[in-house]
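J.: This is the structure I have questions about; it appears just below.
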Amino acid sequence: MKSELIFLPAPAIGHLVGMVEMAKLFISRHENLSVTVLIAKFYMDTGVDNYNKSLLTNPTPRLTIVNLPETDPQNYMLKPRHAIFPSVIETQKTHVRDIISGMTQSESTQVVGLLADLLFINIMDIANEFNVPTYVYSPAGAGHLGLAFHLQTLNDKKQDVTEFRNSDTELLVPSFANPVPAEVLPSMYVDKEGGYDYLFSLFRRCRESKAIIINTFEELEPYAINSLRMDSMIPPIYPVGPILNLNGDGQNSDEAAVILGWLDDQPPSSVVFLCFGSYGSFQENQVKEIAMGLERSGHRFLWSLRPSIPKGETKLQLKYSNLKEILPVGFLDRTSCVGKVIGWAPQVAVLGHESVGGFLSHCGWNSTLESVWCGVPVATWPMYGEQQLNAFEMVKELGIAVEIEVDYKKDYFNMKNDFIVRAEEIETKIKKLMMDENNSEIRKKVKEMKEKSRAAMSENGSSYNSLAKLFEEIM
């Protein structure tokens, strides 16, 4: 009898891509396994539509994509902001139940598990109705997962974790070798209006799962992974990464060709690449400071500059209609020989290009893994979610990044921040990132981690073997 896994990713690009690419990996490693991915639709544009279309136009054998029916946005638009994503799946429970029910009645296939995004862990209730074991996918790193479990434990012990907000406290967290400053804690965990109680309930449910699968690898986060394994109250941990979409996200191939063609004309390791994720937009005054810092640094650059979503709209904006309206007067003319300002960027292809020598990043976990895979050192500019923590880990724990700002925080929903990073600091850190010293410790560590990341995914590598053990658990 053939085995079937059901995957349920959250409808955001950083969550969906990782799970779909993981499904492809599972299928490639086990010939008797099929995967069905259930994709929920979110009322806002989360950058997944083009990727979703590419899955349907370029099907993978034994991988089935099921788009769940769209539901009325009013079902969750009025929810507290921390509960918006989890509430998406609440509106889909009937559909998910019907799908699982039909699949479990098949005489030719056995449903061996449901792999749910951490945000969708409450779907476990439906899986339990059919005696289907639930596995959890953590789209962020092991360090973050350990922190979340630690804060949840403190919360269970009646400690008010919101007291850490805006404090100078340094926390001793089992998944970090260094004390963690309160200023880098994800705001969603320490903000009373951010729904920390609800989020901790999700991590509480995670402890009931069969296992937790993390997109990381032993050599990158050995301390964090070991701490999770040592905790008897946490399910078995399987690091199976880095799992990346190396073929792009289905965006415009013509634009990609122009961008890569420009990079072809640049000297090796000479270009600093600036990209801040799908929601990585800035107010005009900050854009001008970045531009001045770039120009003063004297380095070649490729800058992915994207506007925020206009008020009242839900669609992501890929580029500005007129760059001269947002950039300093004359900037484009003065830098035309050394720089290129674009909208959307084919990030993995850019990072993998030999002309790119540094990456100014928002430190989303997928971007972190991509920079490691490509061996490109990072200057950290975290903005929301767990990105401040990722930046801290990259700079202090792993030594593979330089710090521009670790605690720069942006309101994910209002997209405003009164704090400005000045051109002088941007100039200084870009110069530090791009300095032409072959023995640079950061550059050396990144190159070593690049080799380790690839070895981890190769036969008998740490992630390769971890996935083999996971198959033993599942099958």
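Every residue gets a Cβ built from N, Cα and C, even glycine.
Okay, so Swiss-Prot annotates it like this:
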| type | residues | note |
| --- | --- | --- |
| ACT_SITE | H15 | active site, proton acceptor |
| ACT_SITE | D117 | active site, charge relay |
| BINDING | H15, G385 | anthocyanidin binding site |
| BINDING | A345, Q347, H362, W365, N366, S367, E370, E386, Q387 | UDP-alpha-D-glucose binding site |
J.: Would you mind checking how many other C-beta atoms are within 10 angstroms of the C-beta on G385 (anthocyanidin binding site)?
T.: 22
J.: Among the recorded positions H15, E370, Q387, report those whose Cα falls within 10 Å of that of the residue listed as 'active site, charge relay'; none is a fine answer.
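T.: Near the residue listed as 'active site, charge relay' by Cα: H15.
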J.: Where does N366 (UDP-alpha-D-glucose binding site) sit by DSSP, helix, strand or coil?
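T.: Looking at the DSSP assignment, N366 (UDP-alpha-D-glucose binding site) belongs to a helix.
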J.: Cα of Q387 (UDP-alpha-D-glucose binding site) to Cα of H15 (active site, proton acceptor): how many Å, rounded?
T.: 14
J.: In sequence order, which same-chain residues at least six apart have a C-beta under 8 angstroms from A345 (UDP-alpha-D-glucose binding site)?
T.: I259, F273, C275, L302, S304
J.: If I take the Cα of H15 (active site, proton acceptor) as reference, which of the binding-site residues H362, N366, E370 has the closest Cα?
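T.: Closest candidate to H15 (active site, proton acceptor), judged by Cα separation, is N366.
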J.: So, three-state DSSP: helix, strand or coil for D117 (active site, charge relay)?
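T.: Assignment for D117 (active site, charge relay) reads strand.
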J.: For G385 (anthocyanidin binding site) and H362 (UDP-alpha-D-glucose binding site), determine the Cα separation and express it in whole Å.
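T.: For G385 (anthocyanidin binding site) versus H362 (UDP-alpha-D-glucose binding site), the Cα atoms are 10 Å apart.
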